[in-house]
Amino acid sequence: MSPQTETKASVGFKAGVKDYKLNYYTPEYETKDTDILAAFRVTPQPGVPPEEAGASVAAESSTGTWTTVWTDGLTSLDRYKGRCYHIEPVAGEENQYIAYVAYPLDLFEEGSVTNMFTSIVGNVFGFKALRALRLEDLRIPNAYIKTFQGPPHGIQVERDKLNKYGRPLLGCTIKPKLGLSAKNYGRAVYECLRGGLDFTKDDENVNSQPFMRWRDRFLFCAEAIFKSQAETGEIKGHYLNATAGTCEEMMKRAVFARELGVPIVMHDYLTGGFTANTSLAHYCRDNGLLLHIHRAMHAVIDRQKNHGMHFRVLAKALRLSGGDHVHSGTVVGKLEGERDITLGFVDLLRDDFVEKDRSRGIYFTQDWVSLPGVLPVASGGIHVWHMPALTEIFGDDSVLQFGGGTLGHPWGNAPGAVANRVALEACVKARNEGRDLAREGNEIIREASKWSPELAAACEVWKEIKFEFPAMD
């Protein structure tokens, strides 16, 4: 045995499985302004104490490994380790706890959501000591936020670019989402924009398929944008989906969109990845393009109540990575979204400072230190009868996006767009006059339909449509 080995053995080095709570559960720790704070919903395996479960999360998502290693002595683990500093039981749930973990900022690369997530929501989610694990919220410190560009432009700059103020923006996803030729697709875009919408949108899975290659779609949509602008006198846009199989191909599509002179492109930020998304956001700021973000795949991550990650965390990550719009659910349509919880992360997208409010799912006070805001996009199973509720819930700084609620109009796409625009203008006017949209919404829509045959037809078609299913989990 070498002298060095003998020395190590003599001071108590011992192989074996670690008891994490001895080093990583530190209830006496006072968090720093520079720490990233995380709130995890922890479900330990039977027989695992909550303190050990919380400590294992802190360890496995920072400096820990399952046994003592010689190289622990070559660095300051106390400086770099994550710490579980508080644990509380979840009310009404058996064997579930909220474990609060603080991470020193040195653990994370500047300006990289990819690196932050690789640590905090990485291998620890498969740890055997835990039956389930869910990241409920993150507090991003000011020092780390300042290493990100964030959204390419933000809410105010977008309004200035579009010259549109005092109301939500209106959009429409072109349907059917797959199968149209580029020319027919462009025709649908033109009809919707001419009818009064601000934007139309590629569906998230429209990339470059055999029936419609991306370059053809971009050209026909650009023609539709410019023709509708000339006829209406309003600035129009279509979310051209630049998502591709490689970052290089994605950037090629964004460059072509800029060369065409269109105002906005789109990215599927979860399936495309945060590295690609951040690269595209930087390009969009440098080249004057707005960036619309779709959240395809989010429900795989956030729908389970005790495992995965809440969408408010994905929303915060998107604001760091960059996007001017992001889909946020509707509260009233076909996709899941509880009102208070949804409005909680909508505020985290838009506002510069958001106070802790557990009733809305906000575990930490978040200061965005003037990082530009993101417009929430309400989309999924909505129609004209939802307009008062959507206007009241989301306010002016939002995009209300009707796919089937535009293209399903019995008279065609342009009348469907007219119906939505008339309904929106009626709701905004009524709100500005002091009327209660929540209580008088249906009456406001009926009054407007008396002088808009397009709206009257839409009201008749969708008067019985609801998406109401009992929650089973």
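Glycine residues also receive a Cβ, built from the backbone N, Cα and C atoms like all the rest.
Among His86, His238, His327, only His327 appears in Swiss-Prot as part of the substrate site alongside Asn123, Thr173, Lys177, Arg295, Ser379. The two recorded residues, His294 (active site, proton acceptor) and Lys201 (N6-carboxylysine), have Cα atoms 10 Å apart. Following the DSSP three-state reduction, the secondary structure of Asp203 (Mg(2+) binding site) is coil.
DSSP assigns His327 (substrate binding site) to a strand segment in the three-state reduction.
Here the binding-site residues are Asn123, Thr173, Ser379; the one with the fewest Cβ atoms within 10 Å of its Cβ is Asn123. Comparing the Cα of Lys177 (substrate binding site) with the Cα of every entry in Lys201, Asp203, Glu204, these being the recorded positions, the smallest distance points to Asp203. Neighbour counts of Cβ atoms within 10 Å were compared across the recorded positions Lys177, Lys201, His294, Arg295; the minimum falls on Lys177.
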